[in-house]
Amino acid sequence: MEIPFDIGNISGPENARVAQPEALGRAIKNAKRPLLVVGSEILDDDLIEKAIAIGKKGIPIAATAHSMKGFVDRGYTENVHLTGLHELANNIESRDWMGFDKTGGYDLIAVLGGIYYSTSQFLIALKNFATDPIVRCISIDRYYHPAARMSSVNISRKHTDEFKKMLDKVIENI
Amino acid sequence: MPPSNIEIEALKNVVINIGGIEEEEEEWETMGPTPMPGIADLRNWDYKLLKRYKPFYAPYCEMCCFCTFGKCDLTGGKKGACGLGMAAQQARFVTIACLMGCSAHTAHGRHLLRKVLKIVGDREINMGTGINIEAPLTRLITGIKPEKLSDFIPVLEYLEEQIAQLLDSTHTGQEGSNLDYESKAYHAGMLDSLGKEVADLIQIVAFDLPKGDPDAPLVEIGMGCVDESKPVILVIGHNVVPSVAVMDYMSDHGLDERIEVAGICCTAIDTTRYSQKAKIVGSIGRQLRFVRSGVADVIMVDEQCIRADILEQAKRIHAPLIATNDKALYGLVDRTNDSVDDIVAILASGKEPGVVILDPVKAGEVAVRVVQITHEKRKELVNILTDEEFKEYVTMCQNCDANCIVACPQGLPIGEANKAAAKGDTAPLASLFDPCVGCGRCEQVCKKHIPIVDVILKASLPYVKSEKGMIRVGRGPVRDTEIRKVGAPLVLGTIPGIIAIVGCGNYPNGTKDVYRIAKEFAERKYIVVLTGCGAMDAALYRDKDGKTLYEKYPGDFDGGCVLNIGSCVSNAHIHGAAIKVAAIYARRNIRGNYAEIADYILNRVGACGVAWGAMSQKAASIASGVNRIGIPVVIGPHGWKYRRAYLGRKYVDEDWVVYDARDGSKVQIEPAPEHMLVAADTYQEAIPLIARLCFRPTDNSMGRQVKLTHYMDLSMKYLGVYPDDWHIFVRGEADLPLARKEEYLRILKEEHGWDVDLEAKKILSGPVRKMDVGFDATNLEELIKKNK
Ligand code: SF4
Ligand code: SF4
Ligand code: SF4
């Protein structure tokens, strides 16, 4: 069993299933309306390139914190939408929100590159309150996120190359 | 319902019954509808807020273990054995947190009053020539106009009764609605604001602290400002009375120049408001590190935000501990009734590692006498790691990343940094000093028993020694005379907002963020007010000319100024400033008139709180109190752990309808302010968000131009794009900043589909509403003129 990246972050009896990158990629692929939510940490270690690769597969990107600046700097803003994480969670939970493209909500949320503890709270909010219709959340981050439905494992910063390889496998399977 | 011993007749004289002595207050203002409101009296206002700013929950714990029916698993819509659901449990938890916070401030006020009535007697409340409205929150909430310190007794009785009523509501089998728990959390927040005002006014009056002085003196701040060659008394906490006694004893005995008094947290701020001989080490995040540095020869604590293991930490550096407040006794022997000579002998000999002294004057004398002895004894001690020890520890580190990093609330890469230090590069370790919040969780789990806090401290010593800033001492309230000057520009929007940086030091990435936020808004001529840890941390940095914010910007309550208002309890003066805008500029009656004034502030006063490092339950109650009075708050990412936010949904039109009080017509408005309580992850995200939350429906065109300019510029500067919602704040071409008018009109036409005549520079259709100079926005039916 994996431990949460912040060890005390055990909120209840249900914790995320650890999943292989292939399964995480397929979950994104099989979703009807997936959304990739990225945070400020994609500006480290060139992770933004992986986010752009996912965006190029047609997956819309919610750019939280100041990650938008990274996309602008790289000239990729095609399907990237500026938002705050709190605001986004509140919108996802709302039946009135029609998504960034104004055609409807999302059925799968994948998180990458957010601050661990705020992303964890984001996931736990959706787990408990984005239930009608249900929204599934997965983590493709370097952290195990127990509040997601499926999650990657903790991969330490000294193994960033491994983490990037893991992301490549996720991307291959989308 | 008013408490039973206080009888209030609306519109007549107030009769206050204190211990059998009946005093008649003169009629000074017509009494409003809700003097001393009970739990349900402001529910209508709360529900207005909660309809627009819906509570959003992110449970930190999905279970409840409050009673023996439990533990109950509340996930997936399940209810507990008592019938309580997840939303109500989250709201109940928030209510309890707010109650802890408001109890801390209220009990602080009660303690202060008891002590100062003994020390200085019952003084008249005279706030000087610039301040007539001496206690805006007390007048607003209780209907009382205090004239002397003992007039706060019925105010404290009201507070204590309401706290008991609210705490009762959190018992199993009481409230079942999350919205009503939110209303109760708001109530606790409002009580908190009142408790803070009482506490701060008592200390201002009793100890003659600055009364709204824009030129309050500057004092040194930082871990490097303490002169270690002198005996050092470290004071920690929030209740200044024992520290005042220290300063008095030193002054009476000619020891001012021979002993250093250094403080951490709000006691530090308040001690420097009393005497500029004291120095400020810094905010809560520096506590463990400064104690470990071994500089303190005596540690004296009062209440709140003290490490629970302070005795163990004090023993580690062989510094005696003096506990001065019955809320934090640490298992020490109570020696309040022993002679000073005996206590000094016990502490100097080390027979006991610390003592309790509940008489502040005695505690002050003991601290000053003991420190002169312990300083001599401690001279030979080496508390910071030697070079050899440091090298040994960093070399022992296996960079396992298994233990310390998952224990660290900041997720700091300690192992990597140790590894670099082992190879001779200490820069990565030193770079952890500021983002580290000084909690000590890491070193408890390291299998190699590396004292990680000490290792980081050692690597950071050059920085620590040079950490010297300047802070203007807490000036206290905003003067009525200042409000007269800024009332109109604030309400019209030409001063684009009041940015209130408050709260603790649990920052996502170190102290510099608050400096950056304050600087950005001061440069843009917002009014920047700071209190508590935020005020201290913003003082640590200098610009290229070597000036700190407090040296560079004036301390007036005006656009482009930076004000240290004071400690956490001084937060009340930020509410006070907003209330005074309603009272002085708009001539609204404030007495017992909470909902009307909150409605006024919500619709007209562009203020935004920023609790970037919010950590404590006090910060929870502070934010709830600020929100109830109509001011939004931005919190840092750790703030998600408070479980609840208040978020607006700008695309739900019905949430953004207000009345025009002139005729009762309903007006669709722009989402201003859009949220009440919202987190941002980084300062770059927070800055444009703060600017967005300063829009108000009543901005005039000039004001809206100014606010739009900053919102657009800041979004471009920090996020690289214009915000996607700026157009909804445009009511007509006159709202557009002149310098960019053509560009913006084109964007409105091309990207938002508005009907714009580019040649004539006219907007033909598109905005939510037109600008209306006489618009009298209100959310309250009772304020519609024909209903009055
Ligand atoms: S208070 Fe209610 S939800 Fe909590 S443990 Fe008791 S029965 Fe369960
Ligand atoms: S003391 Fe600093 S490095 Fe250690 S766990 Fe706390 S924040 Fe992290
Ligand atoms: S737990 Fe100890 S040994 Fe492991 S990385 Fe942290 S400091 Fe090094």
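Cβ atoms here come from the backbone N, Cα and C positions, even for glycine.
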Among B:C225, B:C533, B:C608, which is the one TrEMBL gives for the [Ni-4Fe-4S] cluster site where B:H238, B:C266, B:C305, B:C504, B:C568 also bind? B:C533
Out of B:C265, B:C439, B:C446, which one does TrEMBL list together with B:C397, B:C400, B:C404 for [4Fe-4S] cluster 3? B:C446
Among B:C61, B:C568, the most crowded of the binding-site residues [Cβ within 10 Å]: B:C568
For ligand 3, list the binding-site residues among B:C61, B:C65, B:C397, B:C400, B:C446 whose CB atom is within a distance below 6 Å of it, in sequence order. B:C397, B:C400, B:C446
Suppose we draw a 10 Å sphere around the Cβ of B:C65 ([4Fe-4S] cluster 1 binding site). How many other Cβ atoms does it contain, all chains included? 11
Cβ under 8 Å to chain A, applied to binding-site residues B:C61, B:C64, B:C568: B:C61
Quick test of your reading of the structure: among the binding-site residues B:H105, B:C436, B:C442, whose CB sits under 6 A from ligand 2? B:C436, B:C442
One should report the C-alpha separation between B:C82 ([4Fe-4S] cluster 2 binding site) and B:C65 ([4Fe-4S] cluster 1 binding site), rounded to whole angstrom, as 12
Residues within 8 Å of the B:C64, B:C67, B:C72, B:C82 Cβ centre (excluding the [4Fe-4S] cluster 2 site residues themselves): B:C65, B:F66, B:F69, B:G70, B:K71, B:G80, B:A81, B:L84, B:Q89, B:T172
Mean per-residue pLDDT in the domain '4Fe-4S ferredoxin-type' (B:426-456) works out to 96
Cβ neighbours of B:C397 ([4Fe-4S] cluster 3 binding site) where a neighbour is any other Cβ within 10 Å: 21
B:C64 ([4Fe-4S] cluster 2 binding site), DSSP three-state class -> strand
Using the alpha carbons only, what distance in Å do you get between B:C439 ([4Fe-4S] cluster 4 binding site) and B:C404 ([4Fe-4S] cluster 3 binding site) once rounded? 12
